[in-house]
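These notes concern the structure reproduced below.
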Amino acid sequence: MVPKLFTSQICLLLLLGLMGVEGSLHARPPQFTRAQWFAIQHISLNPPRCTIAMRVINNYRWRCKNQNTFLRTTFANVVNVCGNQSIRCLHNRTLNNCHRSRFRVPLLHCDLINPGAQNISNCRYADRPGRRFYVVACDNRDPQDSPRYPVVPVHLDTTI
């Protein structure tokens, strides 16, 4: 009985440790609000090629992000989408704070093509431009955000 309990406790600790690592890979850097991090990751009127554009994000994350989408629009335009009817988020069905854009926007989707890269300076991406609708999760602004926008985008849920 004791060895089983001990083994179970070790398995639980390993599982919790892995969940913590996975969570930290998706966490925003602490110096940014959720809206600021959203803007860094997903807003660019004229993004350069993906390999260059992703360097900024990867430098904060200390690893190669598997994929990312840059919306070629302004932060203010995405904030306006937050005023659209609330819908259930498509990727996280437990959230009801998502909003779908009414218009397609130009975008650039980046896919990591060398997932085994050991150094973030070696991350390479394939560029996939497109024009799609998008769904964003929105929340009340953080105190550090500009009071100009009471509700701000905090997560790009999907593109359609």
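Even glycines carry a Cβ here, placed using N, Cα and C.
Of the listed cysteines (CYS11, CYS50), only CYS50 is recorded by Swiss-Prot as the disulfide partner of CYS110. Of the cysteines CYS123, CYS138, only one is given by Swiss-Prot as the disulfide partner of CYS82: CYS138. Annotation in Swiss-Prot places CYS89 in a disulphide bond whose other cysteine, of CYS64, CYS98, is CYS98.
When secondary structure is read from DSSP and collapsed to three states, TYR60 (3'-nitrotyrosine) falls in the helix class. DSSP assigns HIS42 (active site, proton acceptor) to a helix in the three-state reduction. Here the Cβ of GLN67 (substrate binding site) has 13 other Cβ atoms within 10 Å, regardless of which shown protein chain they belong to.
Here the region 'Required for nearly all of the bactericidal activities' (28-72) has, by DSSP, the following mix of helix, strand and coil residues: 21 helix, 6 strand, 18 coil.
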